[in-house]
Amino acid sequence: MTPRVSETHPKEPAPPVRIGVATKPITHSRTSLLPPSPPPPHLPPRAAARRSLAPLARAAPRRAEFWMAATRGISQLLRKTLHNQSSGSSLLSSFRGKNEASSAGLKALALLGVSASGLLSFATIASADEAEHGLAAPDYPWPHAGIMSSYDHGSIRRGHQVYTQVCASCHSMSLISYRDLVGVAYTEEETKAMAAEIEVVDGPNDEGEMFTRPGKLSDRFPQPYANEQAARFANGGAYPPDLSLITKARHNGQNYVFALLTGYRDPPAGVQIREGLHYNPYFPGGAIAMPKMLNDGAVEYEDGTPATEAQMGKDVVSFLSWAAEPEMEERKLMGVKWIFLLSLALLQAAYYRRMRWSVLKSRKLVLDVVN
């Protein structure tokens, strides 16, 4: 017995509700004025499924065409972009090359400017240093500068004469006594006669008073001024330094003193020297209160040596060098003696090391075990 399938039809849609209060019919859109669509016919499930999938089947080719067209458009856009990038990169590379070349040129100009400014600053500093500390003195071949060399005692005697007749009127040598000259530049009789020419204030005596007496060998060289204030007053405010250790108290002392004594020049163009000062490039600041003292023929040497400016400068520097280092010859002689003694000790040590200690060092002990 087959069951009976009853076919059911959907109910018809209800008519739209109208409100009687309104004078005009209210229409929400244009579609509301169209007549209602008829109800869809009743189809079996398979037919309904085919009918529902039919629009999708018809739209699939269109979608495929759309995606293919979109893909072609995107690929063309990518090609154009890559082409623009390649052309832009070539332009950018050329621009970068030009920029790098210009930057290299700017770097070279900057380096050149820095070098020029460095040279100018160095020259300025060097000139300022020369003006502040004085021009560096050249090196001179002093005869007593060698290891085995000694003083030129004839030059020391002439230098003492230059100091006595030229320099002693302003500069003192408070550390030198007359007896120091004995056997170096003068004999004992000559030195006694020289010392007796000065008067020394001594005392007190038995009555408690100071008195003057002739100089002796134990007396020091006389002072040109009573005190520093008197020295400054007589020299326009400048204080003449003591010359006992002047070659040791100045850098490159011997060369400096010689260059200072013989280095007086006329001031160059643009350099103004105050009244009472004299231009000397070797003096710190370039202006010195001491005038030029060494002129040709300023002294008359006892041995007949021509008294030129350079000769007097060399002689007085030799005398001042001896005054600063009177023990130099003894020191060098003692050094030669010690080198000789140490050489003998070195030979003895080498002999002991080779003949005696080597035997003890290379000795081997062999243990012979007797059963």
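Glycine residues also receive a Cβ, built from the backbone N, Cα and C atoms like all the rest.
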TrEMBL annotation, heme c site containing Cys167, Cys170, His171 - matching residue among Met68, Met290, Met328: Met290
Max CA-CA distance, Å, over listed heme c-binding residues Cys167, Cys170, His171, Met290: 11
Taken over the domain 'Cytochrome c' (154-261), the model's mean pLDDT: 95
DSSP-derived helix, strand and coil totals, residue by residue, for the domain 'Cytochrome c' (154-261): 46 helix, 12 strand, 50 coil
Chain-mates of Cys167, Cys170, His171, Met290 with C-beta within 8 Å of site centroid, heme c: Val166, Ala168, Ser169, Pro240, Leu243, Met293
Cys170 (heme c binding site), number of other Cβ atoms within 10 Å: 19
Neighbouring C-beta atoms (10 Å sphere around the C-beta of Cys167 (heme c binding site)): 22
